[in-house]
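Trainee: The structure follows.
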Amino acid sequence: MDAEKLEQFRQLLQEEMKALLSEADKTVQEMGDDASHFPDPTDRATQESDRTFELRIRDRERKLANKVREALERIDDGSYGICEDCGGEISEARLKARPVTTQCIDCKIEAEEKEKRL
Ligand SMILES: [Zn+2]
């Protein structure tokens, strides 16, 4: 995949990460404000963002955020867009629809078929 396209996917993934983090913020607000445990505002900001990410974000979002983070790492290490099962290229259309995917459509279908047979 060329660098320009990789940048597009990086932006897509970063947008998704932002959306997840703003969801996480909402969760934090819903869970009540115990940020007063950290009276120093700088301290509080740091603590709050760590805790938001590590502890408070809802499970589904945390899993997705991890996938997004892994996808961003794959962009950095050059393995993005390559199927982890067959080593083939994942189609751009598929990546656009699901930028965190690690399988090409053929392997995905095969995996789903296998699951059905079990
Ligand atoms: Zn594959």
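Placement of Cβ uses the backbone N, Cα and C atoms for every residue, glycine included.
From TrEMBL, for reference:
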type    : residues             : note
DOMAIN  : 5-75                 : domain 'DnaK suppressor protein DksA N-terminal'
REGION  : 28-50                : region 'Disordered'
DOMAIN  : 78-112               : domain 'Zinc finger DksA/TraR C4-type'
ZN_FING : 83-107               : zinc finger
BINDING : C83, C86, C104, C107 : Zn(2+) binding site
Trainee: Could you check the binding-site residues C83, C86, C104, C107 and say which one's CB has the fewest neighbouring CB atoms inside 10 Å?
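Mentor: Comparing Cβ neighbour counts within 10 Å for the binding-site residues C83, C86, C104, C107 gives C86.
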Trainee: According to DSSP, which kind of secondary structure is C107 (Zn(2+) binding site) found in, if we only use helix, strand and coil?
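Mentor: Where C107 (Zn(2+) binding site) sits, the three-state DSSP reduction gives helix.
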Trainee: Looking only at the domain 'Zinc finger DksA/TraR C4-type' (78-112), how are its residues distributed among DSSP helix, strand and coil?
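Mentor: Helix, strand and coil residues of the domain 'Zinc finger DksA/TraR C4-type' (78-112) number 14 helix, 2 strand, 19 coil.
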